[in-house]
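K.L.:
Quick one: structure below, then a few questions.
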């Protein structure tokens, strides 16, 4: 009996049940339509930005290197979570395997930490472009951009690896119902039946580092940018400088505000009901909006998209 109890305590469940909005069945069809539409828009928008950044010679600057990586991150974000959500909403069995769940929260955490650093690198790029315009090409050279991007991906992977190692050791005592739309580290910790102090502290410390340090660098960069913009006498020049930064600021706000609410609150005050809708926001709404924010506010991207469409039309017309 004791052996059976120990096995029950430590053996992971074969799969998890993702509740989503099962308690509100009348919402499933509208949400399915919204998610499907958002996923299609996110795919089209982010793939378009990646293509124009790679194919248009006028977009081979550091800013668009970072933007193409941001679009790739958003593409991965949505693909990691949305297909599984759509399958579950269209099925009576709202399950995900234990292995699939582990892969999902590992990749999701990796992408989130990587995006924090990519957004900070984009702020650095804007700072150099506005505050050190004569030295921009000298400072923001391609090898530095590649090093920053590599640092973002590798450090995000390292953080995710730590979280996965700690999370897979947690026992669930047969509990397998996750009150979420997809698997995420805070929800997994909340589900565990063991003492999760180590997990809670590690998650808080590492996420604080990956969220607050890049955010502090972003705010510092924009503090210097604001001071430089106020010194510009020409209203046209001031408007151009603000226009180059406004898109990035909106994207930073859409990403960081939900992340801070989700990951930096005390574990005792974590609400799964609120958390799952916050997760839904930054896993699908933010990646869907990002390409349109950058496209609508950026003449270079709009021009590149126009040239790409014209080139595609000429090829199809032959």
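From the backbone N, Cα and C atoms, a Cβ is placed for every residue, glycine too.
Just lifted these from TrEMBL, have a look:
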- 45-294: domain 'G-protein coupled receptors family 1 profile' (DOMAIN)
- 29-52: transmembrane segment (TRANSMEM)
- 64-87: transmembrane segment (TRANSMEM)
- 107-128: transmembrane segment (TRANSMEM)
- 148-168: transmembrane segment (TRANSMEM)
- 205-230: transmembrane segment (TRANSMEM)
- 242-264: transmembrane segment (TRANSMEM)
- 276-296: transmembrane segment (TRANSMEM)
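Would you situate these features in the structure and describe their surroundings?
P.N.:
Through the fold, the transmembrane segment (107-128) approaches residues 62-63, 66-67, 69-70, 73, 76-77, 80-81, 135-136, 139-140, 145, 148-149, 151-153, 155-157, 159-160, 163-164, 182-185, 207, 210-211, 214-215, 217-218, 221-222, 224-225, 244-245, 248, 251-252, 255-256, 259, 283 of its own chain, all at least 6 residues removed from its boundaries and within a Cβ separation under 8 Å.
Tertiary neighbourhood of the transmembrane segment (242-264): same-chain residues 70, 112, 115-116, 119, 122-123, 126, 129-130, 186, 203-204, 207-208, 211-212, 215, 218, 222, 225, 229, 275, 278-279, 281-282, 285-286, 289-290, 293-294, 297-298, selected by CB-CB distance under 8 Å and a gap of 6+ residues from either end.
Remote same-chain partners of the transmembrane segment (276-296), defined as residues 6 or more beyond its termini with a Cβ less than 8 Å from a stretch Cβ, comprise 20, 35, 38-39, 41-42, 45-46, 48-49, 67, 70-71, 74-75, 77-78, 80-82, 108, 179-182, 184, 187, 247, 250-251, 254-255, 258-259, 261-262, 302, 305.
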